[in-house]
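Summarising the annotation, Swiss-Prot assigns 5-phospho-alpha-D-ribose 1-diphosphate binding site to Arg79, Arg104, Asp131, Pro132, Met133, Leu134, Ala135, Thr136, Gly137, Gly138, Ser139, Asp200 and lists sequence analysis as the type of evidence. Taken from Swiss-Prot, the feature uracil binding site applies to Ile194, Gly199, Asp200, Ala201, supported by sequence analysis.
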Amino acid sequence: MAKVHILDHPLIQHKLSLIRDENTGSKDFRELVEEVSMLMAYEVTRDFPLQDVEVKTPVATMTAKAIAGRKVGLIPILRAGLGMVDGMLRLIPTAKVGHVGLYRDPETLKPVEYYCKLPTDVEERDLIVIDPMLATGGSATAAITFLKDRGAKSIKLMCLIAAPEGIKEVQNYHDDVDIFVAAVDDYLNDHGYIIPGLGDAGDRLFGTK
C-alpha cells in the first residue's frame, strides 16, 4: 500500500491557515499556494538519489553531491493545479510540465477529460501529479490512470488538502502511488466539498465563481 505523507512543517501549516481563511483575496491566495507548493516540493523530492561529482571551489577541489540524473515531470490537473506549478519550478527548474484537463460533472461528481498535453517521454520521468484538493479522488485517480496508460512508471500525487474519501479512492486504484498532503481534513459534504477545506481552489486562485 502506498504511503500518505502529511507534511506538517510549521511554515507549511502557517501558510495553509492563511490559504483557508475566507478573507484571503485572490492575489494573496495565489502567492500562498505557490509558496506552500515550493515547500512541499522539498519533501516530495527527498528520496531523489545523489551521486558524487567533482567540484572546484575558489580554494580547492572536492567531491560534492548532485542529484543523479532524474528527469522530472510536473502534471497539474487543470485548472487549479496550475497554481502550484511555479512554486515547484522554482526548486526544479528543469522539470517538464504536462497538463491534464479534467472537470467534475456536477451531477455525478465523476471526472470528465477535456484536455491533455504531456512530455513525450513520460515513461522515463518521475511524475508528480499536482492538484490543491483531493476531494472525491476521482480526478486524481483518472489522471494517474491516464498517465499509466501512456507508459508512466513513477508517479507521486501532491495536494494541499485531502479528504479521507479521496485518499481511499486513490489507494483503491493506485496502491503504488505515494500521496503527499499538507493536511487531511474531516470529510466530504453532499456536494463533494472538503470540510472544513478552503472552498473552491480554482475560483479562489483565478477570481471566478
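All residue numbers here begin at 1 and follow the chain in the order shown.
Cβ from N, Cα, C; glycine included.
Between the listed binding-site residues, namely Asp131, Asp200, the fewest other CB atoms within 10 angstroms of a CB are found at Asp200.
Same-chain residues that are not part of Ile194, Gly199, Asp200, Ala201 yet have a Cβ within 8 Å of the Cβ center of the uracil site turn out to be Pro132, Met133, Tyr193, Gly197, Leu198, Gly202, Asp203, Arg204. Cα of Asp131 (5-phospho-alpha-D-ribose 1-diphosphate binding site) to Cα of Asp200 (uracil binding site): a span of 12 Å. Rounded to a whole number, the C-alpha distance linking Gly199 (uracil binding site) with Ala135 (5-phospho-alpha-D-ribose 1-diphosphate binding site) is 11 angstrom. The binding-site residues Arg79, Ala135, Gly137, Ser139 include none with a CA atom within 10 A of the CA of Asp200 (uracil binding site). When the binding-site residues Gly137, Gly199 are scored by other C-beta atoms within 10 Å, Gly137 scores highest.
Sequence-distant neighbours of Ala135 (5-phospho-alpha-D-ribose 1-diphosphate binding site) (same chain, six or more apart, CB under 8 Å from its CB) are Ala162, Ala163, Glu165, Gly166, Leu188, Gly192, Tyr193, Ile194, listed in sequence order. Secondary structure at Gly199 (uracil binding site), as computed by DSSP, is coil.
For the pair Gly137 (5-phospho-alpha-D-ribose 1-diphosphate binding site) and Ala201 (uracil binding site), the Cα-Cα distance reads 15 Å. Within the same chain, residues at least 6 positions away in sequence whose Cβ sits under 8 Å from that of Arg79 (5-phospho-alpha-D-ribose 1-diphosphate binding site) are Gly101, Gly202, Leu205, Phe206. In sequence order, Ala80, Cys159, Leu160, Ile161, Ala162, Ile194, Gly197, Leu198, Ala201 are the residues of the chain that are 6 or more apart from Met133 (5-phospho-alpha-D-ribose 1-diphosphate binding site) and have a CB within less than 8 Å of its CB. Residue environment of Ala201 (uracil binding site) contains 25 other Cβ atoms, counted within 10 Å of its Cβ in all protein chains.
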